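What Swiss-Prot annotates here:
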BINDING   20, 21, 22, 23, 24, 25, 26, 27  ATP binding site
């Protein structure tokens, strides 16, 4: 099995992923964080999953239309997500990190663990194998998990969607979304060194301040301390 070579961490940028249920406010918070990072004179790249690169965006359209259910169910869907991630990481994320950019990504492999693993009935062995092929030992420097009551999140998503038809995941039953929230909370508890669980049931600016504090304490201040001691 092919293993990805790690990027030289002394030269690379930083990789921050955003996770959470529907309507948690990921897109808004990514935009607000990007503005703060750019104000701090840090080059940023905003992207998303599934998608981000031309090949992955094509797969995204098929996934959100529900093609996974048509061609084989949860396992087929997991394979499509893996194909999209491989293209995304290889053609967009890794080159940006190598250039020293800060990459902000709307969803990453934690969403795969939640949607396809815990709630999609895909075996852990298959997910681990796909993860090894697509990203190897690569991990985000920080994962922001936006936590919000399910009913509030779905109401926000409905307002955002307007008259458009709900996508493949927004159409799931309420119990699915409750389970999803619990999985993300479990991930945050299991990996506190990587994850910051943020209460997203507040005004966007207040949530943004909480995220900025996590970024500052976990990434910016350690980097500055390291630069001074070098």
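Backbone N, Cα and C atoms are what each Cβ position is placed from, and that goes for glycine too.
Excluding the listed site residues 20, 21, 22, 23, 24, 25, 26, 27, the same chain places 146, 148, 153, 156, 157, 200 with Cβ atoms within 8 Å of the centre of the ATP site Cβ atoms.
Cβ environment of residue 21 (ATP binding site): 148, 150, 153, 177, 180, 181, 184 lie under 8 Å away, each six or more residues apart in the same chain. Cβ environment of residue 20 (ATP binding site): 26, 145, 146, 147, 148, 153, 184, 200 lie under 8 Å away, each six or more residues apart in the same chain.
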